Structures are given as C-alpha cells and as structure tokens.
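Have a look at the structure below before the remarks.
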Amino acid sequence: MVTYIDAGAAPYKNTGVIRLYGAEGFEGMRKACQVTALCLDELVTRVSPGVTTEEIDRFVFEFGMDHGALPATLNYRGYTKSSCTSINHVVCHGIPNDKPLREGDIVNIDVTYVVDGWHGDSSRMYPVGEIKRAAERLLDVTHECLMRGIAAVRPGARTGAIGEAIQHYAESERCSVVRDFCGHGVGRLFHDAPNILHYGSANEGPELKEGMIFTIEPMINLGRPHVKVLSDGWTAVTRDRSLSAQYEHTVGVTAEGCEIFTLSPAGLFKPGIQVPGDA
Ligand code: MF3
Ligand code: CO
Ligand code: CO
C-alpha cells in the first residue's frame, strides 16, 4: 500500500511513505537545484582533453563552498568525492581520479548540492572534444528519453507512465534501458521514496500527486542493458562494454504537470537543444 504524508510532518528517514511538499519545499528546491545547474553550466568550458576527473571534482567542491552548498555525496555511504564522473562504458557512480580525459570520450558529471537542507540532484553528458557519430546519437536519444519521461509527469498518472515513455523511445531507437538503477524521491533526503523506474508500464507504480518531488535519470546503453559493479564497490559498467549515457533532472509535480528545478540558466543542459523554460 502507498501512503502519502505532509513533508513537514515526516521524520528525516526513508520510511517508504511519499512526502508531499508545499510552497516552502518548492522554493527550497529551486534554490538548491539552481546552484547545481549553475555548477554544471560552469563545467561546460572546463571539460576538455587532458583534464582529469579529479580536477573536475575539486571544482565541484570549491564551487559548492563558494555558494553555501555542500556536496551530498561527500561521505555518503562511504563515498568520498563531491561528484560522480562516468566515462564511456561506465553507466554511473564513476569515481573521480587522476586519469586525463581523452578526445572522443563522453563523460557524465553528476552533482548533488545541499542548500539549507534541500538536495538539488542533476547530471549531464559532456563530450570531450570531437566525438563519434554513434556517441552523439546516444546523447541525443538519452536526452530525449529524459524529456519524454518528464512530459509524462502529471497528477493522476502513475510513476510507471514515466518508465513506459522512456523505455518505448529508447527501444524504438535500438538502445536499451538500464534496470539496476532508478530515479528517486528527493528533497530533505537525498534518496527517498518513491523509486522512479525508467522502464515498465503506465498502469504500474504509485499515483503521482501534486507536491511530490523526485529525480528522473535514465541510463541508456547502445548495447545490452546489463551492468556490473567493479571491485571498488561503486563504478557500474556495461557488461558488454557498450557506451552508456545518462541525463538527470529534479522535478516537482504541479497541478498542470511538473516544474523542472534543475534547468540550465544559460540553456546549456544539452547544448544545441533548447528546452522550453530555459533562459
Ligand atoms: N547523484 C546520484 C543520483 O543521481 C547518486 C550518487 S551517490 C554516490 O542519485 F555515492 F555514488 F555518489
Ligand atoms: Co539522483
Ligand atoms: Co544524481
């Protein structure tokens, strides 16, 4: 059974109930998510061949300090970095290190800042120099998956409508949807109920209600959907070593549909594509 609760009345732990946030929560999330979006914008010109993911991570930490924002991943379940940097066949949770990025790489940078207790979670893909046509296509398909998932959000629909929209489009483009990781409720907590699956059917999952806040963050592969986690306990890679991509937004359900909190102020979320509502 699904239960919903006024966010202000619930304890700060994931008990499986779905929190409903009011105006104060939406305002708090706007602020946190805009710091995250601004940081991801700043990274556009900083990602290039020769730069290390450790340097990117240091920028994310410093940017947070300069903006009153704490990286939520620092010391999260033993994770010790301010970002995740997932290159090529890495699906998610890549750990920043001292290896330089190379021309042709595609890297996902995932940042979550906590501002005044609110969590702003977003990630984008960054091409390193010139990338191959197949990689370019994967980025286009994955971004379109995210936007179609977002378009399915409205009160009265089920969470499964998001997954169905994403899976249908990904598979129509001969790509596959990773099943092992999902989007999540977010707000006062980093990872909260409900889970947002990126596959499935519109008649599955809890009903969406105004005031719910969650992420949508599809991971899409050029090859098969299967992943494995490396011995570091974090890095998830495609089993067939095919390229993988991911885009993530934090959204809040409104009476009409949803508000995207992590839009790029400069229209840089997916360069070349203008999202309605972007500056
Ligand atoms: N930001 C990721 C997400 O979208 C979670 C990263 S947790 C970490 O949910 F520990 F791997 F950093
Ligand atoms: Co997330
Ligand atoms: Co994230």
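Here the Cβ of each residue, glycine as well, is placed from N, Cα and C on the backbone.
TrEMBL: automatically predicted annotations, no manual curation.
These come from TrEMBL:
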BINDING   His93, His191  substrate binding site
BINDING   Asp110, Asp121, Glu248  divalent metal cation 1 binding site
BINDING   Asp121, His184, Glu217, Glu248  divalent metal cation 2 binding site
DOMAIN    27-255  domain 'Peptidase M24'
Proximal but sequence-remote residues of the same chain as His184 (divalent metal cation 2 binding site) (Cβ under 8 Å, at least 6 apart): His191, Asp192, Ala193, Pro194, Asn195, Ile196, Phe214, Thr215
Candidate with the highest Cβ count within 10 Å, taken from the binding-site residues Asp110, Asp121, Glu217: Asp121
In sequence order, those binding-site residues of His93, Asp110, Asp121, His191, Glu217 whose CB lies under 6 Å from ligand 2: Asp121, Glu217
Spatial neighbours of His93 (substrate binding site) that are distant in sequence (at least 6 apart) but have CB under 8 A: Cys84, Ser86, Val229, Trp234, Thr235, Ala236
In three-state DSSP terms, the structure that Glu248 (divalent metal cation 1 binding site) belongs to: strand
His191 (substrate binding site): tally of other CB atoms within 10 A of its CB: 18
